[in-house]
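The next block holds one structure in the form of structure tokens; read it before the comments.
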Amino acid sequence: MAGSGRRPEHRGPPELFYDEAEARKYTQNSRVVEIQSQMSERAVELLGLPEDRPCLLLDVGCGSGLSGDYISEEGHYWIGMDISPAMLDVAVEREVEGDLLLADVGHGIPFRPGTFDGCISISAVQWLCNADKKSHSPPKRLYRFFSTLYTALARGSRAVLQLYPENSEQLELITAQAMRAGFTGGMVVDYPNSAKAKKFFLCLFVGTSGTLPKGLGTECASEELHQAKFTSERTRFRNVKGKSVKKSRDWILEKKERRRRQGKDVRADTKYTGRKRRPHF
């Protein structure tokens with residue numbers, strides 16, 4: 001159920017589509033990486049997490065860990081689930097900071113009640129609408145996913161699932177099964193008047209009826225088109241939010257410190273840490 005930074009244009013099970021070659025090509029595509037990062041940033045923003053403590057998040061359809069990278073940068077911990085072994089192999093090679101689980105979320109979320117402070121999913125949930133096997137029933141698989149996800153989330157938390165519905169019937173099916181499982185909430189649509197920048201985020205509440213966030217670019221059509229273009233072309237500078245610029249020395253030191261707290265082996269810090277190498281000819 002590998003997440004994707006693009007609208008799926010293929011049929012068939014994701015574990016078969018994302019073979020080793022496709023998984024590497026996908027992860028090395030700079031445009032896909034940028035779009036995935038932008039959607040992950042938006043999904044985490046919609047979670048409304050507390051700013052005073054790190055949280056444990058579930059990443060459904062984590063793929064090669066691109067969305068998990070953003071979660072780690074924000075100082076949170078995460079566990080990723082995906083049905084594609086090839087995608088998870090790439091995530092291991094990339095040394096992502098989250099824990100990884102090979103699983104079909106259509107069989108349910110196998111964690112204890114109240115384990116997670118929130119859940120995100122990027123471009124994955126629509127896969128559950130496909131009947132890839134004779135035994136697959138999309139409504140049943142969706143209900144199994146949502147009902148066990150509801151249990152695995154802490155009371156008062158949220159799940160934000162970005163998806164690419166093929167049609168309105170698919171959107172209604174997904175939303176209906178989520179509500180049947182006990183969630184409240186609804187669909188947040190960013191840039192609804194833009195064919196290129198339009199994004200669907202299913203924002204779900206656990207145990208409380210929160211106020212549904214407002215979609216981006218919904219003020220007026222002219223402003224929406226300007227924002228959509230800006231969003232698709234912008235470069236993220238993390239120091240604007242008071243955080244270290246990606247790949248800088250401070251960013252590397254912060255990442256190494258997070259890994260030490262997780263009990264992982266990390267090279268000692270030296271004066272050469274984060275220093276760019278001179279090009280060799």
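Quick reminder: no glycine exception, Cβ is built from N, Cα and C everywhere.
Curation does not apply to TrEMBL; its annotations are automatic.
What TrEMBL records for 263-272 is compositional bias 'Basic and acidic residues'. According to TrEMBL, the domain 'Methyltransferase type 11' annotation covers 58-134. The domain '18S rRNA (guanine(1575)-N(7))-methyltransferase Bud23 C-terminal' feature in TrEMBL is assigned to 204-278. The region 'Disordered' annotation in TrEMBL covers 251-281.
For the domain 'Methyltransferase type 11' (58-134), residue counts in helix, strand and coil come to 25 helix, 20 strand, 32 coil, using DSSP. The DSSP breakdown of the compositional bias 'Basic and acidic residues' (263-272), given as helix, strand and coil counts, is 0 helix, 0 strand, 10 coil. Mean pLDDT for the domain 'Methyltransferase type 11' (58-134) in the predicted structure: 94.
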